[in-house]
Amino acid sequence: MGRLNCIMSTRATVVAAPTVLYVSRETKHRRLLFLPRAISHYCHELTAPIDADGGGNAALIQALDDCRSPRTLRSLHSRLLHRPRLLSDPAVQIKLMRALASCGDPHGARHVFDGAPHKNAVFFNVMIRSYVNHGLYGHAFRLFADMSLRHHVRPDNYTFPCVLKACAGSDHLAGGLQLHGAVTKLGLDTNIFVGNTLIALYWRCGRLSDALRVFDEMPNKDVVSWNAMIAGYAQNGLYDRAIELCEKMVALQKPKPDAGTMASILPAMSNTNQTDIHLIRKMFDEMGKKDLVSWNAMIAIYANNSMSAEAVELFSRMEMAGVEPDAVTLASVLPACGDLSALSLGKKIHEFIERKRMRPNLVLENALVDAYANCGSLKAAREVFDGMNGKDVVSWTSIVSAYGMHGHGKKAIALFEQMRKSGLKPDPVAFISILSACSHSGLLNEGKYYFKCMTECYHFVPRIEHYACMVDLLGRSGHVDEAYDFILKMPIKPNERVWGALLGACRVYSNMEIGLIAADHVFKLVPEQSGYYVLLSNIYARAGRWEDVTLVRNLMTTKGIKKLPGCSNVELWNKVHTFHMGDRSHPQSKEIYEKLDVLMRRLKELGYVTETETALHDVEEEDKEGHLLVHSEKLAIAFVLINTTPKTPIRITMNLRMCGDCHRAAKLISSIAEREIIIKDTKIFHHFEHGVCGENIAAIIAYEDRY
């Protein structure tokens, strides 16, 4: 027993003794029979060379290097506990620390660190890096201090970047400045890893001039150096500088941009111009190997710049390249599906999410609700919403917005109240959704109540979007004078959306006096936006003031302003088809126009007459009728009818408001063809079925005179 106690004591200095030695048998006698064999094996472990078992130890060490699963790591750790000789090796201890850290257990790594009797700089570097990667910056600082003061281990060129990263992550500029001084004294300031971390430290702390100085003074720069500086500009709102540096990097090709470059430039690429987008796409196309981060960044750039068709097309290319999307990819593509009414792709993504068991995931689930709602499938949106295990304010806002844009204002209000009763506090965006829902459904009193509730109950200061919703609500309800007075009393300066909402109401209710005032403000704010010129032109046209119509149109010509051409998108055969007014570019144009002729004859038999009032040009009636008959939404409806089976719903997305003539025609076509027709314009959804439209009069009065 003395030998056994000695062995157990020796082992205890390395790791805690296991509760049971090796094999437990069914009977007491058999358990005792196996104990000597266990002790013998144990003694052999303590005295044998590390590689005495042939390839077993080598395989175990390799498994530690490759381990990424906590479950697998627990098994490997258990095996190591039975090989104390191997576990006492510093190289193995370091590998175990790295494995524990990579599997999300920095405290387990610290336990191994504390048990190592002889620690060199590598031990400290691994442990500090583990803390930093898990955001435990205070622990990293304390260990760094102990490294020199208590353990007398000198930091090296790998230690300082880790501690500098901790300073950057915790915005500890003072500590970073001290470390910068220390590395300079030690001659490590020219080290590329130190330089890269210093760049990140300074830009994170808002010291971009210092970050640029470090960048410029680095004798050698790698791709991380460039990415860090680009990220610094982008994250601090200096988007032009970020793009300029990225352009310089692309031109030099030394080093070549990588996935990190794509991720670094991403914040600078929202609502940017086509030239910059083409630059990043060129950079993306020239990358040799594209990983998931690269694809995600490029798809997000398209999605963030309302280039939905390009985002969907790139997503398809990514799939063909064999790259499996993750939650980030899908969260970017789903809004694009909604914009294009690409319902089949949205369903395909939903199936992928379910198959890969990616739920629950609030970001994805909220994106699914939005995508289905924007594709016109309110039922599917509600099913996703009802199936969510947990809901945040964004979830409720999405479903309230969905019902609002589909013209179900009362249901939107009921959901909003349900959210409040659940204990969630609505945020300013949630109030935009409910105010918009009230506006689309003509719920004037309810809208006024929620605006007052927002300011008095929740003490939110109204944003410009809230004011725009209120002006739109008052205008749609026919209270044009009240809407104008509301604008005059606003505590903040009205923008073009506020004045534009008033201008639209003036067109609907033929209020030329206020309309001219609104137009004057709009043209000062956005002199190049064609839609407002068209609105003013149509106000004059309704009054028969054709000379003024001509003046407005001549002004547009002089300024080089062109009307945004109306277009309609429809998804079929996993492809988005786009139609413009009078479009004959589609391969099936002959069949489309033949079908349209048949439809128009059937409509006229039912008493349909083109509503030429919605084509307010100073031209002959037959010319007006000719324009109206070939509006893009009519062509899209005809296209779907000739290419789908009976009863298949027709879903169309437009880039402008729907005109009154197309609205009346769609109602009749839904009856003749026995189809449900769902048309999404820039404001709301129009549901046509059995010759009836589902939205209310508040939505209908806002039709735009487009052509």
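The backbone N, Cα and C atoms fix where each Cβ goes, and this holds for glycine too.
Some features that TrEMBL has for this protein:
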REPEAT    120-155  repeat 'PPR'
REPEAT    191-221  repeat 'PPR'
REPEAT    222-256  repeat 'PPR'
REPEAT    291-325  repeat 'PPR'
REPEAT    392-426  repeat 'PPR'
DOMAIN    607-694  domain 'DYW'
Hey, which bits of the same chain come close to the repeat 'PPR' (222-256), Cβ under 8 Å, at least six residues off its ends?
192, 195-196, 199-200, 202-204, 206, 208, 211-212, 215, 263-269, 272, 276, 279-280, 282-283, 286-288
Tally of residues which DSSP labels helix, strand or coil - the repeat 'PPR' (392-426):
26 helix, 0 strand, 9 coil
In the same chain, who gets a Cβ under 8 Å from the repeat 'PPR' (291-325) while lying at least 6 residues past its ends?
258-260, 262-263, 265-266, 269-272, 277, 280-281, 284, 332-333, 335-337, 339-340, 342, 345, 352, 569, 576, 578
Taken over the domain 'DYW' (607-694), the model's mean pLDDT:
82
DSSP-derived helix, strand and coil totals, residue by residue, for the repeat 'PPR' (191-221):
23 helix, 0 strand, 8 coil
